[in-house]
Amino acid sequence: MARSAQVTGGLLAAAGGVAIAVQARVNGSLAQELHNGLLAALISFGGGWFVLLAAVLSRQSGRAGLARLRDALAHRRIRWWECVGGISGAVLVGSQGLTVATIGVAVFTVAVVIGQVVSSAVVDHLGIGPGGSKPITRTRVAGAAVGVVAVAVAVSHQFTSTGALWFAVLPLVSGLLMGWQQAVNGLVREAAAHSTATILVNFTVGTAALAVVNLVVRGGVPGGFPSTWWLYLGGLLGIVGVGGAIVSVRFIGVLMVGLCGVSGQLIGALLLDAVSGHLAPPTAVGVALTLVSVGVAALPNGRMRS
């Protein structure tokens, strides 16, 4: 594959990561206003879903993409379980609500990234994604390890509570699902031949899952909703984040999407901290290390290019 396509894929994944970092801050602020993190997540997913639905159904190319996906399902060129990658987002949000208060944000984040890089490497090796098999090599393992260390360093100043560490199993599972999600979303994109239609499928599944969770938990409806407009931008930011991964995975593979996405998330967090005047040196070090992890993982077969 052309180097330019790989670079473009990496930049798209990183841009998606930046969007996810901003989305996390926006959704976190909305959750504080509502005193209900699960409802905030549903509003975010639901808002993105309405935008995507309008965008896809209003354009002939979008409707054709959905028709191609339906035809692929009917003829078993793609399986139904490959279309439910969006449930990963619901699992991630649910595990966040259940565990962060006990183990802290730092442990949660590291557990998610460990799960993500492990599953991404395995998924690439098995060739589940649209880019074909990418065998596990020393450089890919080293890059993944550096990526985990980078995140641990970036959030090291937040290690204030470890609580019952076995709770970290939930975010670990969430991370494992993320690698699978990126692979199957790429397969759906290949079947639909339309990125926006693929993102719509992802958001449909995620919104439905979060709606069910909210009904089961019954957190209640707040007396009023905040009037600050930017608190409702989470869905749009999520579209950029998911879209970056869906478009780039066929160019660079699942592991590189994960590492580039993590780089983007830390860069986004760094910029947000800088704007707010609370820049933490460990975050800057973490950003540098994630860039190193991407470079190491991109090296072929454990050997330096000559």
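Cβ atoms here come from the backbone N, Cα and C positions, even for glycine.
TrEMBL does not curate its annotations; it predicts them automatically.
Residues annotated as transmembrane segment in TrEMBL: 37-57, 103-127, 139-157, 163-180, 192-217, 229-247, 278-299.
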Seg_contact(the transmembrane segment (139-157), the transmembrane segment (163-180)) with at least 3 CB pairs under 8 angstroms, min sep 6: no
Stretch of maximal Cβ-Cβ contact with the transmembrane segment (229-247) [cut-off: under 8 Å; candidates 37-57, 103-127, 192-217, 278-299]: 37-57
